[in-house]
Amino acid sequence: MGCLGALLFLLGGLGALAQICEITEVDSTLVERLGQRLLPWMDRLSPEQLNPSIYVGLRLSSLQAGAKEAQYLHSLKLSYQQSLLSVVNWCCPVSASSNDNSDSEARPSMGQLALYLLALRANCEFVEGRKGDRLVSQLKRFLEDEKGAIGHNHQGHPHTSYYQYGLGILALCVHQKRVHDSVVGKLLYAVEHEQHLQQGHFPVDTLAMAGLAFSCLELSNLNPNQRNRSTVALRRVQEKILKAQTPEGHFGNVYSTPLALQLLMASLRPTVELGTACLKAKAALLASLQHKAFRNPLMISQLLPILNQKSYVDLISPDCEAPRVLLEPATETPSQTQVPEFIHVTLKVSSIFPSYRHSVSVPVSSSLEDVLKKAQEHSRFRYGTQPSLSGPYLTSVMGKKAGEREFWQLLRAPDTPLLQGIADYRPRDGETIELRLVGW
C-alpha cells in the first residue's frame with residue numbers, strides 16, 4: 001500500500017504540473033481593454049487591411065465581438081475566395097527581390113493563407129468542397145515551392161521564412177490535411193541544425209511556431225514516419241525557448257512571449273522548470289499589459305488566447321460553444337482643449353550616399369510612421385512600404401529597395417534595434433532613429 005500511495009502521489013504531482021503553465025487570474029478589465037483595441041480594426045474591411053489573425057485571436061479568447069465577428073469572417077471569405085478566382089496562376093511565393101508587384105499584390109502570402117485556414121477552423125469549419133480543395137492545394141504548393149528553395153542539401157532558404165513555413169504546416173494540420181514527410185522534414189532539419197542558418201539561430205517566435213506545428217502533428221499523428229523526430233525536435237524547441245527567457249521574464253522579447261507561451265501551454269511534457277518559467281513570464285506580461293505595451297493587432301491576437309488558456313493547437317478541436325464576454329467599444333473621456341506639445345526626432349540613414357540626417361518636429365505620441373511622413377513632406381527624404389499583417393513594412397528608403405534577404409532595420413541610436421514597426425513605435429523627444437539596410 002505504501003508503494004501504491006507513493007505512486008498515486010507522484011501521478012497527482014505530475015497532473016498538477018500538467019496545468020502549471022497557464023496565465024490565470026488576469027484582471028478581466030485588462031483583458032477587455034486589450035480586446036477593445038481590436039474592434040476598430042474589425043471595421044477595416046478592405047482586402048489589404050483584412051487580418052485573419054484578429055478573428056482567430058478573438059475566437060480563442062474569452063471575448064466576443066458579436067455581429068462584427070460574423071461580418072468580419074464573411075469579408076475574409078469573400079476576399080480570399082476572390083483571390084483564388086482572380087489569379088489564375090497562383091502558384092508560388094514571390095521573393096523579396098521580385099519586380100512583379102501586380103501578381104504579389106493580388107494574392108495573399110503563404111502566411112496570410114495559412115491564417116485564413118486557421119480562421120475557418122476557429123469557426124469550427126473544415127475546408128471542404130471544391131473551394132476548400134483549392135485552398136488546401138494552394139497552401140501545399142506554397143510549401144512545396146519553399147521546400148524546393150531550401151534545397152535537397154538544406155543549403156538554401158525559404159522565399160518567405162521558416163515562421164511562415166511552420167504556420168503553413170500547422171494550418172493544414174488543424175484541418176487534418178497531411179503534407180508530405182519531406183515537407184515536414186525540412187522544418188525538422190532546420191530546428192535540428194540551426195547552426196546552418198545565416199544568423200545562427202531561430203528567433204523565439206519562429207521556434208514557437210515550429211513547435212506548435214510539431215505539437216499538432218504529434219497529436220494528430222498525420223506523419224507517423226516523422227513522429228520520433230518531431231518528438232525530439234519539440235523537446236529541443238521547448239528547451240531553447242526556456243533558455244531564451246530574459247531576466248525580466250520574457251521569452252526573447254515582450255512581443256515574442258505570447259506565441260512562446262502558446263507553445264509551452266500546449267506542452268505534453270510539463271516540468272518544474274517549465275512551471276517556474278511560466279510564472280515568471282506571467283508576471284512580465286502583466287507588467288507589460290499595465291503599461292499598454294500591446295497595440296499591434298497581430299500581437300494582441302496572439303496574446304488573447306493564452307489569457308484564456310488556449311493556443312493555436314486547440315484549433316484541432318475548437319470549442320465554438322464556450323461562453324464569451326461581449327466586447328463594448330471603449331469610451332473615451334473628453335479632455336480639455338490644450339495646445340499640442342511637440343517633440344523633436346532626428347532621422348538618420350547611413351546606408352546610402354550621400355547619407356541623410358534631418359530633424360523633424362511632430363506632436364507628442366506620434367508614431368515613427370508619422371515622423372517619416374513629416375520628413376518626406378519637408379526634406380529630400382523618401383520611403384516606401386508594403387502592407388503586412390503586423391502593419392506597414394518598410395521596403396525602400398531614399399529610393400534604395402531592400403533586395404533578396406535584406407531588410408531596412410529600425411534602430412534607436414546608437415545601436416538599439418526597435419521591437420516594433422513604424423506604425424507602432426512612439427519616439428521620444430530628442431531620439432535619433434536610424435534606418436539601416438542589413439542582410440539576413
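In case you wondered, yes, glycine gets a Cβ from its N, Cα and C as well.
Between Cys278 and the candidates Cys21, Cys91, TrEMBL records the disulphide bond with Cys21.
Of the listed cysteines Cys124, Cys173, TrEMBL assigns the disulfide bond with Cys216 to Cys173.
Applying an 8 A CB threshold to same-chain residues 6+ apart, the list for Tyr162 (cyanocob(III)alamin binding site) reads Leu187, Ala190, Phe202, Thr206, Ala210. When Cβ atoms from all protein chains are considered, those within 10 Å of Asn253 (cyanocob(III)alamin binding site) total 15, not counting its own. Ranked by how many other Cβ atoms sit within 10 Å of their Cβ, the recorded positions Cys21, Cys173, Cys216, Cys278, Leu410 place Leu410 at the bottom. Every protein chain shown contributes to the tally, and the Cβ of Trp440 (cyanocob(III)alamin binding site) ends up with 12 other Cβ atoms within 10 Å. On its own chain, Tyr393 (cyanocob(III)alamin binding site) has Thr385, Gln386, Pro387, Gly421 as residues at least 6 apart in sequence with a Cβ closer than 8 Å to its own Cβ. For the binding-site residues Thr160, Gln164, the greatest number of Cβ atoms within 10 Å around a candidate Cβ is found at Gln164.
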